[in-house]
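Trainee: Reproduced below are the annotations present in TrEMBL:
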- 12-32: transmembrane segment (TRANSMEM)
- 38-63: transmembrane segment (TRANSMEM)
- 159-179: transmembrane segment (TRANSMEM)
- 199-219: transmembrane segment (TRANSMEM)
- 224-241: transmembrane segment (TRANSMEM)
- 255-272: transmembrane segment (TRANSMEM)
- 284-305: transmembrane segment (TRANSMEM)
- 311-334: transmembrane segment (TRANSMEM)
Amino acid sequence: MKYTKFNFMMSVLGIMIYVTDLIVDIWVSVRFFHERQYVFGVLTVSFMLFGTLVVQCFSYSWFKADLKEAGQESHHCFLLLHCLQGGVFTRYWFALKQGYQVAFKYSSKTENFVEKQINDRVTDLSMLRLFETYLEGCPQLALQLYIFLEHGQANFTQYAAIMVSCCAVSWSTVDYQIALRKSLPDKNLLNGPCPKLVYLFYKLFTLLSWMLSVVLLLFLNVKIAFLLLFFLWILGIYWAFKKQTDFCVSTSMEILYRIVVGFILIFTFFNIKGQNTKCPMSCYYIVRVLVTLGILIVFWFYPLSIFNADYFIPVSITIVLSLLLGIIFLLVYYGTLHPNRSEETKLDEVDGKPIQRDCRMKHFLME
């Protein structure tokens with residue numbers, strides 16, 4: 001797959017969003033500590049550390065695997081860079097440096113292995129961004145929404161955090177979907193803006209509805225909310241073990257991968273094995289609808305003194321409309337805009353068949 005100038009500009013946009021998200025998170029945490037809101041400050045820092053530590057672990061393990069496959073020894077400088085939380089920046093440096101050469105200086109006769117190398121670098125970055133989005137961005141978004149609804153107002157910092165989190169989720173989700181189809185030969189490309197936008201709205205609306213529902217449940221009872229999320233996390237981990245994912249080479253990293261997959265499944269659905277998942281995905285969103293409606297119904301019978309009543313009706317309407325729109329966009333995407341829809345030999349978007357090409361993405365989360 002040819003690496004174009006547009007692809008290079010999208011990589012530049014990706015690192016800009018990544019850096020902006022990092023700066024805003026640090027800014028928000030510092031402001032919380034300055035205002036002596038230590039609980040919110042600690043939670044913000046914890047979400048940041050959790051996401052970045054997991055991302056650095058996977059990034060370094062991929063560096064080691066790639067060097068081993070190339071017959072080279074692992075360099076200690078890579079380990080040091082990842083310990084200093086610089087793994088993603090290192091990958092961006094290599095990707096942008098080589099991507100600029102391919103997109104602007106090489107001729108149209110650029111050798112295939114060079115194109116493949118840069119596409120593999122960009123694909124690795126898309127997977128790492130997806131990890132960080134759901135490990136750090138989604139909890140951060142829920143926290144900022146909770147603070148906003150609790151106080152009935154927000155400062156510029158919190159508005160910025162909410163907007164940047166939404167942009168990071170949107171970008172990483174669509175970028176991952178594009179990278180997935182570019183890196184796997186049995187996947188048709190996601191051509192045109194319409195399928196990308198519909199897919200984005202499907203993910204964004206269903207996620208927004210769920211985030212607001214979780215925030216309402218936190219107002220009802222923090223313990224019940226965390227028990228529900230923990231239960232869903234355990235179910236996701238169980239599903240990953242049941243499907244026997246084989247993304248990582250080492251057993252320890254595979255266990256970490258399944259734990260991370262379980263956490264991601266709290267927020268949205270992904271095909272974790274590249275198999276037909278029409279039934280699991282249907283069950284997933286049926287349960288999502290029932291739990292969301294259950295939270296809204298319980299909230300109606302709970303004393304509203306714990307929550308600003310002026311916001312309850314707008315929030316409830318937003319939850320219902322977002323969930324409804326998300327399901328509609330889901331049906332439209334899988335029913336009409338799915339890239340493999342026209343091929344009778346393929347089952348559906350979340351199906352996967354054996355792939356001959358050696359690619360890390362083929363064992364990752366499918367869509």
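Just so you know, glycine gets a Cβ as well, placed from its N, Cα and C.
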Trainee: State the non-local partners of the transmembrane segment (12-32) in its own chain: residues 6+ outside its ends, Cβ under 8 Å from one of its Cβ atoms.
Mentor: 38, 40-41, 44-45, 47-48, 88, 92, 96, 125, 129, 136-137, 140, 144, 155, 157-158, 160-161, 164-165, 167-168, 171, 175
Trainee: When you check the transmembrane segment (311-334) against the transmembrane segment (199-219), do you get at least 3 Cβ pairs under 8 Å, counting only pairs 6 or more apart in sequence?
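Mentor: Contact criterion met.
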Trainee: Return yes if the transmembrane segment (199-219) and the transmembrane segment (284-305) have at least 3 CB pairs under 8 Å (sequence gap of 6 or more), otherwise no.
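Mentor: Yes, the transmembrane segment (199-219) and the transmembrane segment (284-305) are in contact.
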Trainee: Who are the chain neighbours of the transmembrane segment (284-305) in space, where the CB to CB distance is under 8 Å and they lie at least 6 residues beyond its ends?
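Mentor: Tertiary neighbours of the transmembrane segment (284-305) are 206, 209-210, 213, 216-217, 219-220, 228, 265, 269, 312, 316, 319-320, 323, 327, 330.
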